[in-house]
C-alpha cells in the first residue's frame, strides 16, 4: 500500500493542474473584460469554454474521488485535510446532479440571461417569467439533490455562505429591518440634509486615478502584486496570490464612482493579496465566502473610506487633485455629502443605510419562490409592495424593479444575502478591532498598516482554511450579531442628520 | 470501420483542443511581456510550463499518431490533408529524439541562456564557450535524427524555412554578398552623405503613438482585431486570427524606433489578420515560415515605409505631430536621413543595406559549426575576421561581436538565414507587384488597400497551406532570386548617395 505522504504529493500535483486551469481562465476573463479587441471575443469564448470543461472534468474525475477516499480522515496535514474537504464539496455538488439535467440547466441559464436582457430593456417581466419559472424549478430540484436539514433554501445559501441558514437569516434580518426602516424614517424627516450637488464638477480621469492610486498604496494594496485598469463593470480578479488585479470606472462628472469603487475593489484585493502563501496552488488560496469577501470591501469602502477621520487625513490631498470648486467645500460639508441617504430604486446605487433593505426584499422573495410560497407570476406585485413597505418608494416599471439584477437570470439563488451579511460582518469586525486599537486616530494620521495587519492576521491569511462563521466567531468571540451594524449606522447617521 | 468523415471530425476536435492551449499560452506570454505585475511572474511561469506540456503531450500522443495513420493519403479535404502533414512534421520532430536527450537539452538551453547573459555582460566568450559546444553537439545529433539529403545543416534550416537548403543559400548569398559589399563601398566613398542629426529632438510618446496609429489604420491594420501596447522588446503575437496584437517601444529622442518598429510589427500583423478564416483553429492558421513572415514586415517597414512616395503622402501629417525642428527639414533631407547607411557592430541596429551582411556572417559560422568545419573556440576570431571582410569594421569586444544575439544560446541554429531570406522575398514580391500596379502612385496617394488586397490574396490567406518556396514561385513565377534585392537596393542607394 502506498504511503500516505506519497498520495498527498500526487494529490497536490492534481491540485496544481486544477489551479493552472483556474489561473488561465481568470487571465482570459480579465483580458475579455479589459483589453480584448472586439473581434477576438468569439474564438476566445470557445477557448474559455474548453478550459472550464477541462477543469470541471478534473474536479469530478474518478481520480479525484479516489484521492478523497484515500485521504479523508487519514491525512494529518491540516492544509491537505481542508483541501480534501473543499474538493469533496465540489465533487458532491456536481456528482449529485444527473449530467443530462445539468446540461439542460446550463443551456437554460445562458438563454435566460439573454431573455432577461431583452425583458429588462423592454421593462416587461412577462417575457422573462417562463424562464424564471424553470430556473426556480431546477434550483428546487438541485437543492433537494444536495440535501438540507431544515429549509430547502438552506441548500442554496450553502453555495455562497456555508453555515448560514434561513432560520439564522430570518432572525438577523427581522431585527435589522426594524432598525433600518426606523433610521431611514428619521433621516427622511430631518431638516439638516447634506447637499451632494457640491460634489459635482468636471474632475479629469487622470486626476481621479492619481488620487485613487495614492489611496490604494497607502491602505496597503501592493502594485507589485496587482494592477489597476478601466472597465464598464468594475471588479477584482485573482490570477494568483501575487497577481490580484482590480478595475474601476471613471465618471468625470462624479468622482464618487471611481474613488469609492477603487477602495471597494481594493478591499477585496487586500484580502486576496494577504492569503497565506502556504495555501498557494490549492483551492484554499482565496477568500472563504462571498459574504466575508464583501465584508472586506465594505470595511474599506464605507467604515474606513466614508469615515470622517479618513477625510481628515485625505481631504487636503484630494483637493490638490480635485476641481477648484472643492476649495469652497468644507471638510464637514464634504463628509456629510458623501454620506447622503436617499432611498433609490436601484440596489447598486443604494447608500449604506438603505442597501441592506434592498437585499432583504430579494431574500424574502427568493426564499418564498424556493419554498413554493410565492409564484413567479406574482413577483412584480410583491416586489413593488415590499419596496413601498421597506423603502417607501414604488418603482415606475419592472426595469427599475424586479428586472434590475442579473442574479436570478443566471440561476443564482441564495447569493443576495451575502451582500447584507457582508455589511453585518464588517460592522462586527470593526467593533472588535475598535476594542484593540484607536481606529479613528490611526486613520486620521494615514497609518493604515496596523489595521491591515490585524485583518490579515485574523482573516485574510486563512483563505478557505476557515468557514465564514468560524472566522466571525474566532475574531469577534461571538456569533453573527446585527446589533453592531445598527449601532454603527445609528451613531453615524444620527450625527450627520442630527 | 469508421467513416472517413467521422475520423476527420474527431481530428478537427483534437486540433481545436491544441489550438485552445496555443491561444492561452499566447495570451499568458503577451500578458507576461506587457501587463503582469512583477510578483505574478513566478507562478505564471509554472502555469505556462504546465500548459506547454499539455500541448506537447497532445502533439506527440498515440491518438495523434493514429489520426495521422488513418487520414494520411486518405482524406480528400485539402485543409485536413495539409493539417495532417503539419501534425506529422511536429510529431516526427519530437518522436525522433529520445525523451531523455530532449529533457537534458531543455535544461541545457535554459542554463545556456543565463550563462550567455552573464558572458555578454562581461564581454567574455570563454564563459559561454563550453555551453555553446554542447548546444552544437546536440543540434548535430538532432539533425541526424531528423535526417537530411545533402548537408546536415539542412535539417536545421528545415525547422525555420522548410525547403530551403544549404546549397541554395550558398548560391544566393555569394551573389548577394558581392553586390552588397560593392554597394557599401560606394556609399562609404560618397561625398553626399545624409545627416541623421536632423531627425533628433524631443518627440513626446503620445504624439509618436498618435501618428503611428494613423499609419497603422491606413495601411489596413484592423484595431477591432488587435491592439497596440508598450514593451521593451517589440513583438507581434497572434492570439487568434481576430486578435493579433503588436507592441512597440518609444524613444522620445528618436522617433525612428517606434514609427518604423510599428510599421514592421504591423506588417507581421497584416499577414496574421488576413489568413483565411477557413483555417481557424487548425495549426495552418498562421504565417507559413519565419522568412515569409519577415518578408511581410520588411515589405511594409522598408519597401513601403522608407520609400520616398510614402513620405510624400505622410510628411505633412508627420510634421503636424513632430517637434517644430522638423519644419526646417525638407522632405528630401528627411527621406535621405531615414535611409542613412552606416556599417554597425550590432545586427538589430543595422540599416537595410548592411543587414543581410550581418546575417551571412552568422550563416557561415553556424553552417561551419554544424558541419564540423569550425570549432567553437575559434568563433570570436572568425567572427571578427568576417566583420572586417564584409563590413569593414572590427568589434571592440565580444559584447558587440559574437555574443550579441540570443539565438545560439537558445539552441536556435538555422534561424538566422530567415532574416536575409525575408529581405530577398520582399524585394522579389515587390518586383512582381510593381508589374501589376503603380506602387509609388498608390502609396503617394495613401491608397494602400490594393496593395494589402494583393498581398492577402497571393500570400496571407494561405497561412501554412503553402510552403515558403511554393509561395514565392506561385506569386513571382520564378525561383528565389537575389537579383531583385540587389536591384532595389542599388537603385535606391545610388540615388540617395548619388
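Every residue, even glycine, has its Cβ placed from backbone N, Cα and C.
Features of the protein shown, as given by TrEMBL:
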- A:265: active site, proton donor/acceptor (ACT_SITE)
- A:264, A:268, A:294: Zn(2+) binding site (BINDING)
- request: Determine, for the Zn(2+) site, the additional residues of the same chain whose CB lies within 8 Å of the mean position of the CB atoms of A:264, A:268, A:294; present them in sequence order.
  value: A:236, A:265, A:267, A:293, A:296, A:297, A:298, A:300, A:301, A:422
- prompt: Under a criterion of Cβ-Cβ distance under 8 Å and sequence separation of at least 6, what residues of the same chain contact residue A:268 (Zn(2+) binding site)?
  reply: A:236, A:246, A:287, A:293, A:296, A:297
Statement: Within 10 angstroms of the C-beta of residue A:294 (Zn(2+) binding site), the count of other C-beta atoms across all shown chains comes to 24
Query: Which residues, sitting 6 or more apart from residue A:264 (Zn(2+) binding site) on the same chain, put a CB under 8 Å from its CB?
result: A:234, A:297, A:298, A:300, A:301, A:305
Task: Give me the non-local Cβ neighbours of the residue listed as 'active site, proton donor/acceptor': same chain, 6+ apart in sequence, Cβ-Cβ under 8 Å, ordered along the sequence.
output: A:234, A:235, A:236, A:246, A:247, A:248, A:297
